[in-house]
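Here the structure is laid out as structure tokens; the discussion comes afterwards.
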Amino acid sequence: MPKSKELVSSSSSGSDSDSEVEKKLKRKKQAVPEKPVKKQKPGETSRALASSKQSSSSRDDNMFQIGKMRYVSVRDFKGKILIDIREYWMDSEGEMKPGRKGISLNMEQWSQLKEQISDIDDAVRKL
């Protein structure tokens, strides 16, 4: 157990050492306490794994690769169907995560894009 401020300062002989002791005490007080680790119950872990497996398998069914780590995916978000054209990246556990680069189209935007595909193809050929 550390000595109190009074005991340390009375036992030291110089004023320089007093200021050093005060600095050390302040540093100890400023040290950030470690965050407690939340423990998961065994039942919660298995439920979380089961739901993540279900969502990843349904996600894989609706993903279409169009390039290296680039996919078009169809998903439901808050009751609306979205078509994502997005880059993905691998996390440290080897799981694919969606990246920032990409776009989500609602059904109206997707329909407009499909209608204009032939015009877009023509523009590409001209270049």
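Residue 1 is the first one shown; counting continues down the chain.
Cβ atoms here come from the backbone N, Cα and C positions, even for glycine.
Copied from Swiss-Prot, the annotated features are:
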| type | residues | note |
| --- | --- | --- |
| COMPBIAS | 7-16 | compositional bias 'Low complexity' |
| COMPBIAS | 31-44 | compositional bias 'Basic and acidic residues' |
| COMPBIAS | 46-57 | compositional bias 'Low complexity' |
| MOD_RES | SER4 | phosphoserine |
| MOD_RES | SER9 | phosphoserine |
| MOD_RES | SER10 | phosphoserine |
| MOD_RES | SER11 | phosphoserine |
| MOD_RES | SER17 | phosphoserine |
| MOD_RES | SER19 | phosphoserine |
| MOD_RES | LYS35 | N6-acetyllysine |
| MOD_RES | LYS53 | N6-acetyllysine |
| MOD_RES | SER55 | phosphoserine |
| MOD_RES | SER56 | phosphoserine |
| MOD_RES | SER57 | phosphoserine |
| MOD_RES | SER58 | phosphoserine |
| REGION | 1-63 | region 'Disordered' |
| REGION | 1-50 | region 'Regulatory' |
| REGION | 77-101 | region 'Interaction with ssDNA' |
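When pLDDT values are averaged over the region 'Interaction with ssDNA' (77-101), the model yields 90.
Residue counts of the region 'Interaction with ssDNA' (77-101) by helix, strand and coil are 0 helix, 18 strand, 7 coil (DSSP-based).
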